[in-house]
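Annotation comment: TrEMBL describes 3-113 as domain 'Neurotransmitter-gated ion-channel ligand-binding'. Annotated domain 'Neurotransmitter-gated ion-channel transmembrane' per TrEMBL: 120-227, in sequence order. Annotation comment: TrEMBL describes 114-137, 149-169, 181-203, 294-314 as transmembrane segment.
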Amino acid sequence: MDTKDMLTDNRYDLRVDHTGKVKINIPQYVSCICRLNIEQFPFDTQFCAVALASPLLNAEEMDVNATQPPKDSYFSGNAEWGVISVTVRSMKFLEDGEYRVEVHYILQLNRRPIYYITVIVAPTFLISALSILGIFSPGQNDGPRGEKVSLGLGSLLAMTVLLDIVAGAMPKSNSIPLLGFYIIFVIFLCALAVTISMGFLAFSRKCIQTEKFPSVFAYRCLWMTPKKFKMNYWDTNGCVEQFQALVPKFPDLIAIWNQIHEIANAQLVYKKKVEKQKFKLAVEKEWNRLFMRFDYFFLFLFEAINLLILVVFLRKAWLPIPDLPEDFSV
């Protein structure tokens, strides 16, 4: 794209041999285009080439000797890229009826992924692990379960922000990089966890509103044993109490008898109400005990999947560095 001399013409380094051989060193800043393949980002290896050729002299007029750079050369890379090797190739090509010589300096660059692992991957894993832990932590009523859904939605928003950071750090391309796939999978995992938690919320409310204990089949499916509740519940809806009481003949005693009868009925109604509330509380507690087993199951399942996604992603970091392809072209 651009070249810029580092020294002026009168400061070039020349070396003259006794045989008449002259060697001249012309240091320059060279800006060139490098085609990137970001499918394995941030564990990618790029091959960038600098092509040098004379626009005037052909192969017969100029003798080109392309040698490999020494091992202790100054190709060291920078904070983001490490230089693995530098390959030098010399080739001839036909242009306007004459052959010309072109030298290719191919640099094999390996990206240093520690920045992306500490800034993006580690926070994404921690946020997803904590959100799954919060979503499927056992609850006793609808209040905490509703808060779990809010926690999951907040985690999705945080990971969407991290995905935007990844998109800003990568060059624009039609392909999705490996880091992008990792964050998308984690977002999908947390969204699925929120969906299951919302399904549990609706289903648990429906089961509790039936005011019936879980069936024996439900206990067997979850490897659980039903608890025995000793409830002294007075259900008199299907029967009518008929009894004959001796009504006193004196008016004063009749008034006292009526008051005592009203107090007894009020106590009976109150006791039936209290017993019914205890029964509903016992039903709700038993259903929550069953859904707690579901919470533990999905907690370990989703945490294992989250860890598996991280291991599959980091596995690319230990793969061997690819060699220069034989068909590589500038």
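Here the Cβ of each residue, glycine as well, is placed from N, Cα and C on the backbone.
No curator has checked TrEMBL annotations; they are predicted automatically.
Among the stretches 114-137, 149-169, 181-203, the one making the largest number of Cβ pairs under 8 Å with the transmembrane segment (294-314) is 114-137. Sequence-distant neighbours of the transmembrane segment (181-203) (same chain, 6+ residues past either end, Cβ-Cβ under 8 Å): 120-121, 124-125, 128, 131-132, 135-136, 142, 145-146, 148-149, 152-153, 155-156, 159-160, 162-163, 166, 291, 294-295, 298, 302, 305-306, 309-310, 313.
Counting same-chain residues at least six beyond the ends of the transmembrane segment (149-169), those with a Cβ under 8 angstroms from any Cβ of the stretch are 116, 119-120, 123-124, 127-128, 130-131, 134-135, 177, 179-180, 183-184, 186-187, 190-191, 193-194, 197-198, 201. The residues of the domain 'Neurotransmitter-gated ion-channel ligand-binding' (3-113), classed with DSSP into helix (H, G, I), strand (E, B) and coil, number 3 helix, 53 strand, 55 coil. With DSSP states grouped into helix (H, G, I), strand (E, B) and coil, the domain 'Neurotransmitter-gated ion-channel transmembrane' (120-227) comes out at 82 helix, 0 strand, 26 coil. Mean pLDDT, taken over the domain 'Neurotransmitter-gated ion-channel ligand-binding' (3-113), works out to 88 on the 0 to 100 scale.
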